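Written below as structure tokens is the structure these notes are about.
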Amino acid sequence: MYKSRKSEVPRPYRVSVEGNIGSGKSTFLSYFERFSEVEIYLEPLDRWRDVQGYNVLDLLYSDLTKWNLTFQHMVQLSRVNIQTSTSSKTVQMFERSVQNNRYCFGEMAYKGGLLSDVEYTIFDKWYSWVSDNTDIGLDLIVYLRSNPEKVYQRLLQRSRKEELSVSLEYLQQVHEAHEKWLLHGIPAKAPAPVLVLDANSNLDAMYRQYELNQEVILGTRKKLSN
């Protein structure tokens, strides 16, 4: 167990897996779910689809500008609930993080004109309060780095209904947002060490990368390999 930076109370080792749509986050989490010390937290899509009967995802798609702040708040709230949850396990693994919502998708919405200046300010103040008053700290970020063209082909092949409207241009924007944040510290430095894995590889090669970096990912070895 690890001690929080905001408290002396021990907590699990926290890992967030980040990357583009189709980069293999679910595959990564499925692989590590077999370890008894690991608890997995998938992206809470069901919570976003049923907010007291309202499907916030559908509302967002119906009017990206009108409903964007509402959606960002809902995502942030659900991720805070997940990321501050207690566990009897020694490792918690999250599919994306509160920090991702703020520094990737929130930034994308603002830069794309989907959040006004005042909406962005409110969104940022809400995140700052959460960051200052709760323990959303991470111990490791695993970045599944992939080419937008590669993940676009994966989306076409798996043909999921909710992904039919995802364009290559959008995937390129998501890729750029992750690159800036996790590799270049823009608009903020990554909140934990970043382990970069090549997510363009086939499944067998990805499993080999997981095995090679298993000790770092599970927190039994802290130092990242060069």
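Glycine is no exception: its Cβ is also placed from the backbone N, Cα and C atoms.
The active site, proton acceptor feature in TrEMBL is assigned to Glu95. Close to Glu95 (active site, proton acceptor) in the fold, though at least 6 residues off in sequence, lie Val17, Lys25, Ser26, Leu29, Ile40, Tyr41, Leu42, Glu43, each with a CB less than 8 Å from its CB.
Sequence annotations record features per position, and here TrEMBL assigns ATP binding site to Gly19, Asn20, Ile21, Gly22, Ser23, Gly24, Lys25, Ser26, Thr27, Arg154, Leu155, Leu156, Gln157, Arg158. Thr27 (ATP binding site) falls within a helical segment according to DSSP. The Cβ of Thr27 (ATP binding site) lies under 8 Å from the Cβ of Leu203, Met206, each on the same chain and at least six residues away in sequence.
Taken from TrEMBL, the feature domain 'Deoxynucleoside kinase' covers 15-207.
The number of other CB atoms found within 10 A of the CB of Ser23 (ATP binding site), across every protein chain shown, is 27.
Lys25 (ATP binding site): 23 other CB atoms within 10 A of its CB, across all protein chains.
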